[in-house]
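Just below is one structure, and these are the notes that go with it.
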Amino acid sequence: MTRYIFVTGGVVSSLGKGIASASLAAILEARGLKVTMLKLDPYINVDPGTMSPFQHGEVFVTHDGAETDLDLGHYERFIRTTMTQNNNFTTGRIYEHVLRKERRGDYLGATIQVIPHITDEIKRRIIKGAGDADVALVEIGGTVGDIESQPFLEAIRQLRVEVGSKRAMLMHLTLVPYIATAGETKTKPTQHSVKELRSIGLQPDVLICRSDHPVDASSRRKIALFTNVEERAVISLEDVDTIYKIPGVLHAQGLDDFVVERFGLQCNGADLSEWDKVVDAKLNPEHEVTIAMVGKYMELLDAYKSLIEAMSHAGITNRTKVNLRYIDSEDIENQGTSLLEGADAILVPGGFGLRGVEGKITAVQYARENKVPYLGICLGMQVAVIEFARNVMGWKDANSTEFDRNSGHPVVGLITEWADATGAVETRDEASDLGGTMRLGAQDCQLAAGSKVHDCYGKDVITERHRHRYEVNNNLLPQLVEAGLVVSGRSEDGALVEVVESKDHPWFVACQFHPEFTSTPRDGHPLFSGFVKAALAQKNKA
């Protein structure tokens, strides 16, 4: 029988509900419990798939092809459970489903209202997403008091009553600011945040007090007194130098013991030795490299959250401090390749649209010609093919149809718009995949023996997650291969190019998939680990 921990946030946004929730989940998992996590987003978009990276940050793709909130990436990095489309839903998705049922007549002519129809659908999805887990942590996006969050808060209020206090609890994250001039932390914002919760029928069972200073015992006692929360359940969570310390911080204050006792669960003690090893490797590196990351969303690094974390994981695996030099690809267009000088390797991640693409192509050329280790991901592979066609084959008009529909050499094109030898457009079956023209979710990939990518994975067949509309044009592929482009990975049916490499280069790998979505701090990822090793070799050679 599943127990539920509902997680809310107060005072301000960006307190780290996802990290705190995932850290608690990691401790409970370390005690032998089956744990899952859900993220409920109050915005009206159906999913984040079409949202601007500058506003929303990264779109995290699940194994089954759902485009979800970046917090699901945190969940998968902290616990072993694989997230699915059932682990994330939005207001837009809820209303879409309810309205579809209304149009079908499923409500038998009833007046459709927020209560009970919207709240019932929210509760149904929470229960479905929890599945057969021992404990499900359910994070409500936004901040208590936001008008968008009200149906979700009402739904969890109802669900707490329905399942009973032995199966549901509320964990509230709140800001406890430190006033430097007074030399003390202030508890009043937390008191008011809890008051707001209680006004809608929600009494927190646990308070996570976020601060840049430790919240001392006297402050915690005061908070407990004014909020009706047990003193042992008022947890201090100050800023740390690595988020992978947080499971240990929460465990040291007995949060998991409180949860287990409250739910009456019989389980083992927590073994956090894996996390201790991660923290030790992170904070005590033996080597150091600098990697230039050339992207187009550098104003909001959350747009590359999983990728940045994956590079950190590769550093942990190699006992190496990885310094990422963030470079806007438009700056390369304006200032040239001097921005890349001194980097031990170059990383070009994915993206959509024309802006900044020429800067990425220039970065690829610099890496190829100067024998600097290169890793391209998604668009990073496509620009590698374009650069090869332009500068090795001499096809100066080579491009992707995403950027130039009239290119004389469209080496990259929409999955549905291949032209055959006569110029007629060929429609591919992939058009019916989830997401229409978007290829989403886990796909098998066959690796060529003896290739760099095969050396990294040590396997003939791998499974990685995709999120793209464009692919290498198979009609021009034979000429590209004849000129020296190495195709080292193909889709399971052999029809699509998944990985390319460069001959006579120490380490040049570009993949169409997104390996960052499956990297974790405890296991790392073979491709990123190999990339950092190549960067180390480059640095030592210099």
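Even glycines carry a Cβ here, placed using N, Cα and C.
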Further UTP ligand in Swiss-Prot, beside SER13, LYS186, THR187, LYS188, PRO189, THR190, GLN191, within candidate set LYS123, LYS128, LYS222, LYS245: LYS222
Residue from ASP71, ASP106, ASP120 that Swiss-Prot also lists as binding ATP with SER14, LEU15, GLY16, LYS17, GLY18, ILE19: ASP71
Further L-glutamine ligand in Swiss-Prot, beside GLY351, LEU379, GLY380, MET381, GLN382, GLU402, within candidate set ARG465, ARG467, ARG469, ARG490: ARG469
Among the L-glutamine-binding set GLY351, LEU379, GLY380, MET381, GLN382, GLU402, ARG469, as the record gives it, the longest Cα-Cα distance in Å: 14
DSSP-derived structure type at GLU402 (L-glutamine binding site), helix or strand or else coil: coil
Listed binding-site residues among ASP71, LEU379, MET381, ARG469 whose Cα sits within 10 Å of SER13 (CTP binding site): none
Average pLDDT across the region 'Amidoligase domain' (1-265), rounded to a whole number: 95
In the chain carrying LYS222 (CTP binding site), residues 6 or more apart in sequence that have Cβ under 8 angstroms from it: THR187
Rounded distance in angstrom between the Cα atoms of ILE19 (ATP binding site) and HIS514 (active site): 22
Non-site residues, in chain order, whose CB comes within 8 A of the mean position of the CB atoms of GLY351, LEU379, GLY380, MET381, GLN382, GLU402, ARG469 at L-glutamine: GLY350, PHE352, CYS378, VAL383, SER400, VAL412, HIS468, TYR470
Cα separation, THR190 (CTP binding site) to MET381 (L-glutamine binding site) (Å, whole number): 48
